[in-house]
Ligand SMILES: NC(=O)C1=CN([C@@H]2O[C@H](COP(=O)(O)OP(=O)(O)OC[C@H]3O[C@@H](n4cnc5c(N)ncnc54)[C@H](O)[C@@H]3O)[C@@H](O)[C@H]2O)C=CC1
Ligand SMILES: O=c1[nH]c(=O)c2[nH+]cn([C@@H]3O[C@H](COP(=O)(O)O)[C@@H](O)[C@H]3O)c2[nH]1
Ligand SMILES: [K+]
């Protein structure tokens, strides 16, 4: 490693800045521009999530019940990133969420309900949240597809006493489960059909309609390769806790095709987590395990010694987090990412900068300070792919977003795990809130990536590896921004303005 300094000294090295006794976060610091000798489009952001899991795009969706379920997992994988499915549901449900995301190769999911042709549907409950009822000979997903009923067709059906077999539409043309958008489009064109049925090994996976194909084709064209395993399925991660029953949960998840497990805790340096890391490494040697959360070198070192393949960094930095207020523990996220990355790098363990990302500049900072990926909750929670429906709040279209340590989330499912079975006093470490409608991640993630590439170009980093090299060779220069400098760095002095990023 070359530790020579650049010819003209200006600004500070990260090493100097982060050892002054201050806890800094992304907004506190600013990078000095360097030298550009490549195009922004040429910046390569490919990375690793863990020791053995490469990603084309350094973005990870948080294991939270208002962020990561099937639709988010399929979308993030199709973009070249990944999602970690939350564990605030029974193990079988979490495994089913995982399976659903991995059962197709397009970020289109309708989560269809099934019925036999003899079924009589008197209430729209039979559709669940799906726009379709798929009619098979068995009435389940395993069987021969005989036809389908769109929710609107059912609504328009005046005689609700009829059997669905009497008014269903004919079965759409089949397509293999792993057909991509082009292939699906081709089948629709050649068959002059408005829908195709994805099928796999005698099982009906889903119904894909033309409007959905057109919607997705209208987003920026994906250039990064999707996150796909050797079996051709999207890669998906999942969170588990560190209690005895989490071992059984993990077994369900592994059977469902889990690609990476996250041990989900706010303070990962615990006897419980070290034991769980040992257990996972012993029982599932092929499965990469991400430990955390950590914010110090000591915490990180203990988990690295235990054998983790990735580290999740951040304590109290999340937008919904109240941990620092409630427990007086945590660290400014920029300082945490820099310090943990410093030690993790020596063992070849990639770092995930988790929480506190609210714009593309924060992503540039996290990655340039040593992280290999960023994990995001609030940044993704307002998307179409996040669980839950949009509602209107003060005239704004929003989606619910809540901390996994909020009273509401704890009461919903993680209660025993979060508080201990005998705990009587509930202390929340998170809040329930709402975030603005951001449209599809398939639309705004490509723009975000381009903004990150432009930041990398400014600091002279043509790849993530080169950003890390600049950090370690002390060529990356930064400074702390004063309060006034932060104001200056934002929009200021205008009577009114509209902020649009793309
Ligand atoms: N990143 C952050 O800053 C924070 C994140 N969160 C999120 O909230 C959720 C819950 O986090 P935590 O409360 O840290 O969950 P946790 O499950 O790690 O800890 C909850 C409590 O259970 C105890 N515990 C864990 N395993 C045990 C075992 N085997 N035997 C006995 N006791 C055991 C822990 O020591 C702790 O007191 C997670 O989704 C986490 O990501 C919560 C707070 C902060
Ligand atoms: O203190 C906390 N109380 C909570 O209830 C909570 N829920 C999630 N998390 C963590 O926040 C991260 C997401 O943060 P952002 O919304 O800023 O992306 C997530 O990835 C988690 O690390 C919590 N932290
Ligand atoms: K916070």
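Heads up, the Cβ atoms here are built off N, Cα and C, so glycines get one too.
Nobody curates TrEMBL annotations by hand; they come from automatic prediction.
Just one of 319, 466, 473 is listed by TrEMBL for the same IMP site as 354, 355, 356, 377, 378, 401, 402, 403, 404, 405, 429, and that one is 319.
Fewest Cβ neighbours within 10 Å among the binding-site residues 355, 377, 403: that distinction goes to 403. Mean model confidence for the domain 'IMP dehydrogenase/GMP reductase' (24-492) is a pLDDT of 95.
With a cut-off of under 6 Å between the Cβ and any atom of ligand 2, the binding-site residues 264, 265, 315, 319, 401, 405 reduce to 319, 405. The record gives 264, 265, 266, 314, 315, 316 for NAD(+). Within 8 Å of the mean position of their Cβ atoms, the other Cβ atoms in that chain belong to 267, 268, 292, 293, 312, 321, 323, 354, 355. Residues 319, 354, 355, 356, 377, 378, 401, 402, 403, 404, 405, 429, recorded as binding IMP, reach a greatest CA to CA spacing of 16 Å. Across the fold, the C-alpha of residue 266 (NAD(+) binding site) and the C-alpha of residue 405 (IMP binding site) stand 10 Å from each other. Within 10 Å of residue 377 (IMP binding site), counting C-alpha to C-alpha distances, fall the following of the recorded positions 264, 318, 321: 318.
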